[in-house]
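S.K.: Not my notes, these are from TrEMBL:
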type	residues	note
DOMAIN	13-191	domain 'Wntless GOLD'
DOMAIN	192-461	domain 'Wntless-like transmembrane'
TRANSMEM	198-218	transmembrane segment
TRANSMEM	230-249	transmembrane segment
TRANSMEM	261-283	transmembrane segment
TRANSMEM	304-324	transmembrane segment
TRANSMEM	344-372	transmembrane segment
TRANSMEM	393-417	transmembrane segment
TRANSMEM	437-458	transmembrane segment
Amino acid sequence: APSPTTAVPYMSVKCIDVRKNHHKTKWLMPWGPNHCDKLKDFDEAVSRQIEANDIVFAVHVPLPSKEMSPWFQFMLFIMQLDIAFKMDNDLKENAEITLDVSLAYRDDKFDDWKEIAHAIEIRKLKCTFSSPKTLDSEGRHYDCDFLPFMEIGSVAHKYYLINIRLPVNERKGINVGIGEIKDIRLVGIHQNGGFTKVWFAMKTFLTPSILIIMIWYWRRITLMTRAPVLLEKVIFALGISMTFINIPVEWFSIGFDWTWMLLFGDIRQGIFYAMLLSFWIIFCGEHMMDQNERNRLSGYWKQVGPIAVGSFCLFIFDMCERGVQLKNPFYSIWTTEVGTELAMAFIIVAGICLCLYFLFLCFMVFQVFRNISGKQSSLPAMSKARRLHYEGLIFRFKFLMLITLACAAMTVIFFIVSQVTEGHWKWGDITIQVNSAFFTGIYGMWNLYVFALMFLYAPSHKNYGEDQSNGDLGVNSGEELQLTTTITHVDGPTEVYKLARKEAQE
């Protein structure tokens with residue numbers, strides 16, 4: 001697939017707002033048949049006696065002779081200000097810029113512009129000046145951080161127009177002490193149409209395959225005369241969360257202007273993450289073979305509780321950012337000091353917790369392997385057929401545990417990298433290029449993993465139980481106790497589960 005996103009730079013055009021002279025429209029176009037009265041620079045504005053309040057920075061998206069498409073899925077805009085140093089108009093410490101911003105759309109070049117959103121936003125300027133502030137340095141530009149500008153969760157229209165005003169009010173101290181702004185640049189980031197098509201195709205193909213194996217798996221469990229054990233229920237719940245993330249509702253975003261799709265996608269992914277992390281804890285715990293009473297969800301509250309709390313916190317954080325953007329696309333949690341610190345702390349804490357979780361999981365897997373190795377000591381006493389059968393089970397189980405660890409490691413890396421990638425435009429200095437193979441690879445890995453789990457953990461209809469073992473002269477009753485499950489019902493769970501989930505009853 002092509003790379004997931006494309007960044008397009010836009011240079012704003014300085015328009016003169018002449019509405020006082022009964023101008024027809026309130027929207028100012030940077031080019032085209034109805035383009036605005038333009039200014040080359042602010043020196044021209046001074047000579048023509050045009051005030052700062054009469055200047056509008058206009059940006060048309062996309063560039064001339066191009067169209068936007070619903071396949072782009074979302075639009076994220078970052079702002080960069082070109083600020084020149086002047087002795088008599090220096091940039092203050094902790095300066096704040098007030099932006100009066102409007103966004104409009106149209107689907108035909110001859111239609112009128114229709115407003116999507118209008119807001120007055122404040123952004124903190126973080127700029128450095130490398131040269132000494134003397135007369136010789138006048139005209140040199142400050143090095144300023146990117147500013148988060150706007151995010152829209154759907155690209156339903158062909159043409160967009162952004163008008164930015166910098167209202168000046170000296171009495172109220174609005175836009176005073178922000179230096180000499182020469183230009184406003186925007187960087188527009190959107191998903192590539194080619195990547196979207198590959199992504200949709202994957203979802204459409206994978207949904208029925210997981211759905212079919214899930215139905216087959218649950219049917220095998222319901223055929224049993226016993227009730228499903230905890231592990232089987234959790235695997236089924238994991239299958240449901242995977243199906244939920246797979247269902248390609250994104251197809252509707254091509255025909256409908258659903259701006260909430262980004263938020264919905266985040267919620268789906270969050271539910272799957274929480275389910276996957278909880279499953280791994282229960283999966284290892286159920287194979288511990290210790291004396292604790294297992295097979296009850298309440299036995300795992302200490303491990304699953306923090307995962308639930310963490311997921312809820314991430315949901316609140318997401319609602320504070322993307323939830324508010326449904327009303328006001330210019331809003332960003334990164335614009336305030338408190339918001340930035342909270343967001344950074346959130347991502348760092350989430351990353352640390354995930355790494356600690358992974359180490360804890362490695363420790364549990366190590367314990368399971370140690371216990372399994374202990375069970376292997378009883379294998380030589382068995383008959384050849386039975387021994388080979390159990391050796392195969394142990395090998396498959398160990399293989400599945402290693403795949404689980406690999407899957408967990410990749411998921412942790414994916415979560416941290418995707419957070420950094422999403423945040424680097426807002427932080428300014430960290431850049432990571434993530435290609436499409438990473439996204440599609442991780443997504444495919446989750447599906448294969450869930451598919452394999454349901455396939456391997458479906459209750460077996462074969463019987464290697466009492467009938468066969470009684471004919472084996474090498475099997476004694478002590479060994480039989482070691483290799484049967486604590487569930488004494490005729491229909492035990494899977495063979496792997498029977499072997500591994502045994503409480504030692506020496």
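Keep in mind that glycine also has a Cβ here, set from the backbone N, Cα and C atoms.
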S.K.: Apart from its near flanks, which chain residues at least 6 from the ends of the transmembrane segment (261-283) lie with a Cβ under 8 angstroms of it?
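M.R.: Residues 73-74, 151, 153-154, 230-231, 234-235, 237-238, 241-242, 244-245, 249-250, 253, 297, 300, 303-304, 307-308, 310-311, 314-315, 318-319, 322-323, 326, 357, 361, 364, 404, 408, 411, 415, 446.
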S.K.: Which sequence-distant residues neighbour the transmembrane segment (230-249)? Criterion: at least 6 residues beyond either end, Cβ under 8 Å.
M.R.: 200, 203-204, 206-207, 210-211, 213-214, 217-218, 221, 261, 264, 268-269, 271-272, 275-276, 278-279, 282-283, 286, 294-297, 446-447, 450, 453-454, 457, 459, 493, 497, 501
S.K.: Counting Cβ pairs closer than 8 Å, which of 198-218, 304-324, 437-458 has the most of them with the transmembrane segment (393-417)?
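M.R.: Looking at each of 198-218, 304-324, 437-458 in turn, the most contacts to the transmembrane segment (393-417) are made by 437-458.
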S.K.: What is the average pLDDT across the domain 'Wntless GOLD' (13-191)?
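M.R.: In the predicted model, the domain 'Wntless GOLD' (13-191) has a mean pLDDT of 85.
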